[in-house]
Amino acid sequence: MKIAILSRDGTLYSCKRLVEAAEQRGHSIEVIDPLSCYMNINPAAPTIHYRGRQLERYDAVIPRIGSAMTFYGTAVLRQFELLGSYPLNESVAITRARDKLRSLQLLARQGIDLPITGFAHSPDDTGDLIELVGGAPLVVKLVEGTQGIGVVLAETRQAAESVIDAFRGLNAHILVQEYIREAQGSDVRCLVVGSKVVAAIERQAKPGEFRSNLHRGGTARKVSITAKERAIAVKAATTLGLDVAGVDILRAARGPLVMEVNASPGLEGVESTTGLDIAGRMIEYIEQRGRPGFRLKSGG
């Protein structure tokens with residue numbers, strides 16, 4: 001198969017592992033910077049150009065699109081979809097997952113358990129918003145944030161009001177969520193490929209920090225998950241239309257809660273912690289699904 005990876009940096013661990021896994025299976029694979037692509041949106045003969053050359057059709061495309069380039073990156077991915085390339089995560093699914101508010105609403109519609117979450121526009125509603133999620137301590141999140149950026153733990157009501165006002169002063173869209181104290185700064189990252197959880201790790205925040213992201217100094221260990229956690233992870237990924245996803249689960253006293261669904265999960269932490277070949281599982285999935293005649297779930 002002829003495969004493209006959409007990524008700004010082919011030297012990143014995840015990209016290098018995907019290239020390695022594809023080449024080991026005899027596939028041709030190329031890393032393409034989506035910001036260097038430009039398109040002819042023509043119903044008769046659509047094309048994609050890259051650094052002065054017209055790209056030929058690829059059998060499959062693996063999007064590794066960072067949050068900062070979601071708009072243009074998914075536009076490029078849609079053009080590949082238009083040309084008939086199989087996307088490992090469709091453009092529509094990625095945009096759903098990148099919008100934290102929309103994704104939580106979709107998950108809630110399917111009855112998936114979540115931390116209690118509030119969203120409001122008017123400063124006049126701040127007091128009620130804080131009460132809706134059970135009061136302080138609580139978590140304030142930027143809707144557009146990733147890797148723990150724009151996530152603040154407010155331990156008192158006064159701190160919560162100050163943080164919310166500060167974000168509003170920047171015209172930022174924010175979510176207010178209950179703080180799951182019993183999780184003690186840890187979460188479970190489930191790596192979903194297709195309809196299976198292929199790996200799971202527990203991430204623990206560093207001392208003095210509540211965000212467990214590995215990019216923020218958190219640590220990881222291999223962990224066994226329950227049947228309920230496995231089912232909720234697969235259901236969350238399926239609800240957003242993602243073939244590959246990192247589903248982050250908080251172990252609360254009332255049961256597992258989906259905190260976030262990541263459409264472009266990093267492979268380094270999961271592979272190094274578990275010793276599993278996740279990149280290989282992703283390429284195998286492409287081999288199974290990326291055949292001529294496939295249909296987009298969403299219509300593109």
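Even glycines carry a Cβ here, placed using N, Cα and C.
Over in Swiss-Prot, the protein carries these features:
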DOMAIN    104-287  domain 'ATP-grasp'
BINDING   Lys141, Glu178, Tyr179, Asp187, Arg211, Ser212, Asn213  ATP binding site
BINDING   Asp248, Glu260  Mg(2+) 1 binding site
BINDING   Asp248, Glu260  Mn(2+) 1 binding site
BINDING   Glu260, Asn262  Mn(2+) 2 binding site
BINDING   Glu260, Asn262  Mg(2+) 2 binding site
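Taking the Cα atom of each, Asp187 (ATP binding site) and Asp248 (Mg(2+) 1 binding site) are about 6 angstrom apart. Cβ neighbour count for Asp187 (ATP binding site) (all protein chains, 10 Å cutoff from its Cβ): 24. Proximity to Asp248 (Mg(2+) 1 binding site), judged by a C-alpha distance within 10 Å, picks out Asn262 from the binding-site residues Lys141, Glu178, Tyr179, Asn262. Within 10 Å (C-alpha to C-alpha) of Glu260 (Mg(2+) 1 binding site) lies none of the binding-site residues Lys141, Glu178, Tyr179. Around Glu178 (ATP binding site), the C-beta neighbours below 8 angstroms that are at least 6 residues distant in the chain are Pro115, Ile116, Thr117, Val133, Gly134, Leu138, Val139. In this structure, Tyr179 (ATP binding site) belongs to neither helix nor strand by DSSP; it is coil. Looking at Tyr179 (ATP binding site) and Asn262 (Mn(2+) 2 binding site), their Cα atoms lie 20 Å from each other. Taking CA atoms as the reference points, Asn262 (Mn(2+) 2 binding site) and Lys141 (ATP binding site) are 15 Å apart. Across all of the domain 'ATP-grasp' (104-287), the predicted model scores a mean pLDDT of 91. When secondary structure is read from DSSP and collapsed to three states, Asn262 (Mn(2+) 2 binding site) falls in the strand class. Within the same chain, the residues at least 6 positions away from Lys141 (ATP binding site) whose Cβ sits under 8 Å from its Cβ are Lys100, Gly150, Val151, Val152, Ile174, Leu175, Val176, Gln177, listed in sequence order.
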